[in-house]
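Engineer: Input: one structure, supplied below.
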Amino acid sequence: MLCQYVRQFGQKLVHRRPLEPIEESESPTAHLNILDLVVLGVGRSLGSGVYVLIGFIAKLIAGPSVIICFLVDSLSSVLFGLCYAELGARIPHVDSMYLHSYVIMGQLCAFVIGWNLILSLFVGTACVAKAWSIAFDSLTGNHISQALEGTFSPYMPSALGTFPNFVVLGPLLLITGVLVLGVPVSAWIIKVFTSLNILIPIFMIISGFIKGDLLNWQLTEQDYKNTSGSSDIYRTGGLGPLGSGGFVPFGFEGILHGAAIFFRSYFGFSVIVTKGREARNPQRSVPLSMVISIFICFLAYSGVSVALTLMVPYYQIHHYNPLPQAFFHVGWAPAGYVMAVVFLCALLYSLLRAMFVLSRLICAMADDGLLFRGLGWIHAGTHSPIIAILASGTLAAIVALPFELRDIVEFTLIGIMLAYTLVAFSVLVLRYQADQNFSKNKKTEEETEMGPVTEESPSGSIPEARMSNFLKSLWFPGSTIPTWKSGQIVYGCAFLLVLLLIILSLVLAQWPIQVFSGDSVLTTVAVLLLLLITGVMVIIWRQPQDPSPLYFKVPALPVLPLVSIFVNIYLMMQITSGAWVQFGIWNAIGFVIYLGYGIRHSLAGNDEPQRPASNSQT
């Protein structure tokens, strides 16, 4: 009885959501070229939200070397994008990372990815709302914040901000109302705000060439000691010294920490994967347009960083409202006010887009029964998921109202990095599995479940012979196409590789100087880990790959997904312990919901077709 219960429980965890095969008439028309895909990718990725973090990272974490942070993120985004493109090719009519994981990897993986994407989206929404309130307050001469601080500061706990920022409720209520009422966002509004997101970096870069000073990249520690501190109330608090000067005042650790915080800057390029099936030549268009769009975004973000750090010494940058304040610093007050107004409008659009995606993701998970089904209720008149929208706005307000921006910005990072890691892991193991049919096909599922039986040895086999055959199959597979046995070998090796990469990343993150300086113990450990990783990777490489044709496949398997996994894990190690504690609490809450509600109310084992959460882009 207990074994049967455990077996059923395990089947629910790995249950994959079946999809109805699309009709030929529903197949998209191939009409997009590389330029079309690049425009889509840049339009979705070049959001104004990242400009909020540039000042924070430049002032307190990386200094002028914030430019290198974007370079690191660009490279890691290319690796993830190529992996995500193959998932999109396997299920081309699904446009959500959550749905991809549900169809390919199963229910538990889908819940983990969806739950952590919710975390990333609502905290990101809170950050944008917080930045909007600070930019708006700067237009009033900081009178609102000064009044709130004088009233509430004596009563605020030390773990929270210096005052509750009620201004953040304004944009959140406005966008929540727009989404609840189902107000259509016309194409020209999208074009206007997309143009603003493009004009902001262009104007900032030109201003940096005019008013920038290269001496601001050669500052010393004595320079900021001789400079009076900022008089605004968004001060640094107890964040420690402001670096040692020069272009890299916080060292290599500052660059890695800043790269971790900027990690999701390019996430919007996933729209290229969604639209890739509509490209005329997806094998060439998808990877090329992805690389080009990421490169354009890198030029924009790094250009803004160059201009900002040349216009203002990094330790004098307003860490929560950097761009408008930079113009005030160089004496361009009219430009500062114009930039503040444009910045407010661009942030509102970013807030609208973030809350729209968040509400659709919550609604999709509620429809699947992984979250409370009431969250998926859609109003018959406006066709809006009202409960999900209200939940999104409430979550963002709870975080943005009492906390400082610096206290919540890292909270969002671990979840998105974990999702990226799971995507790369999925690509790694799926390529080596037997041909899988993700459509609604009961027979295929039953045959897959019976696969292990056909691989079992006769009951009279000698254990030593079985072990010998197993070891031989690691290097000399008995088939040129994937089998259940070779697939299980890859699964085991992949999990072992992730464990080894975690240990290696931990060693490199905690003792980097000792490892590279030749410490006998730590250097030996790192070398042994690299040798083990290489050996296990070769075993995976020797296994047969799925020959099924796809419009795009990740090149250089298994190296490229493993490099992506390593980069993600290593950047995760740069996150502070406090953020890890918050992340653990969030996921503990999630597993309570999943084990107490989701696993019993989900459609595991139900063959009824489910409607896709289209346009979620998560």
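Cβ from N, Cα, C; glycine included.
According to TrEMBL, the protein has these features:
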type	residues	note
TRANSMEM	108-135	transmembrane segment
TRANSMEM	155-181	transmembrane segment
TRANSMEM	188-210	transmembrane segment
TRANSMEM	254-274	transmembrane segment
TRANSMEM	286-312	transmembrane segment
TRANSMEM	332-352	transmembrane segment
TRANSMEM	386-405	transmembrane segment
TRANSMEM	411-432	transmembrane segment
REGION	441-461	region 'Disordered'
TRANSMEM	489-509	transmembrane segment
TRANSMEM	521-541	transmembrane segment
TRANSMEM	550-573	transmembrane segment
DOMAIN	552-602	domain 'Cationic amino acid transporter C-terminal'
TRANSMEM	579-597	transmembrane segment
Engineer: What same-chain residues lie close to the transmembrane segment (254-274): Cβ under 8 Å, and 6 or more beyond its ends?
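Structural biologist: For the transmembrane segment (254-274), the list is 37, 40-41, 43-47, 50, 53, 56-57, 61-63, 65-66, 68-70, 72-74, 76-77, 81, 84-85, 87-88, 95, 97, 120, 124, 243, 248, 286, 289-290, 293-294, 297, 301, 409-410, 412-413, 416-417, 570-572, 574-575, 617.
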Engineer: DSSP on the domain 'Cationic amino acid transporter C-terminal' (552-602): how many residues come out helix, how many strand, how many coil?
Structural biologist: 39 helix, 0 strand, 12 coil
Engineer: Can at least 3 Cβ pairs under 8 A be found between the transmembrane segment (332-352) and the transmembrane segment (550-573), with each pair 6 or more apart in sequence?
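Structural biologist: As far as Cβ distances go (cut-off 8 Å, pairs 6 or more apart), the transmembrane segment (332-352) and the transmembrane segment (550-573) do not touch.
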Engineer: Which listed stretch (188-210, 386-405, 411-432) has the most C-beta pairs under 8 A with the transmembrane segment (155-181)?
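Structural biologist: The stretch I would name here is 386-405.
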Engineer: State the residues, same chain only, that lie 6 or more residues beyond the ends of the transmembrane segment (188-210) and have a CB under 8 A from a CB inside it; answer 'none' if no residue qualifies.
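Structural biologist: 42-43, 46-48, 51, 300-301, 303-304, 306-308, 310-311, 323, 326-327, 330, 332, 335, 339, 342-343, 345-346, 349.
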